[in-house]
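Trainee: Okay, so TrEMBL annotates it like this:
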- 60, 92, 95, 199: Fe cation 1 binding site (BINDING)
- 92, 144, 199, 202: Fe cation 2 binding site (BINDING)
Ligand SMILES: [Fe+2]
Ligand SMILES: [Fe+2]
């Protein structure tokens, strides 16, 4: 061993490694969660959650059918897009299934216009795909822009209007229907955030695939955006 190596104390020689190990240990240790007791949701909060689940289930059903319509046409006319459309469609199927489960868990009644959403959405996907692949992508831009914004609006309410459920007065984390309130709201927020990010990925994908070359781009996207907003307004209520 050289004189220089001998002169370095052991703890100095291995300090970087031990620091890394400690750091790895720190980040793998679960952070202890504070224990909260949760109060009951107000009637307004319950009504809001029901509305969120009803409209999101209907919206994801719509998205599922739009991509089904696009896939039906584009897999034949633009086979190079088949896998891409399938990938986005698979994500929409997952979104739709997730809200189906939430709807069953919370016993939220579905939108009574469900058959109309299915036919309208499949038609929208298929017709824009028949016009051109750019028109199909412009449709995706319009739909995902509206859905992304809609999810952000819901997150804003969930972040601001549900904070008062923390309380020391109520003794358990259950309300009278037996649902665990705190986890329910937290999980819903996580789901919406994840789906919002995936919708915005779909939006980026559509831009990358020449959505803005659709003719007339602004007319197609504006009409579809208005249609989506009207559908959201309706599905929240009926
Ligand atoms: Fe979706
Ligand atoms: Fe999407």
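Quick reminder: no glycine exception, Cβ is built from N, Cα and C everywhere.
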Trainee: Tell me the Cα distance separating residue 95 (Fe cation 1 binding site) from residue 202 (Fe cation 2 binding site), rounded to the nearest angstrom.
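Mentor: That comes out at 13 Å between the alpha carbons.
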Trainee: Report, in whole Å, the straight Cα-to-Cα distance of residue 144 (Fe cation 2 binding site) from residue 92 (Fe cation 1 binding site).
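Mentor: For residue 92 (Fe cation 1 binding site) versus residue 144 (Fe cation 2 binding site), the Cα atoms are 11 Å apart.
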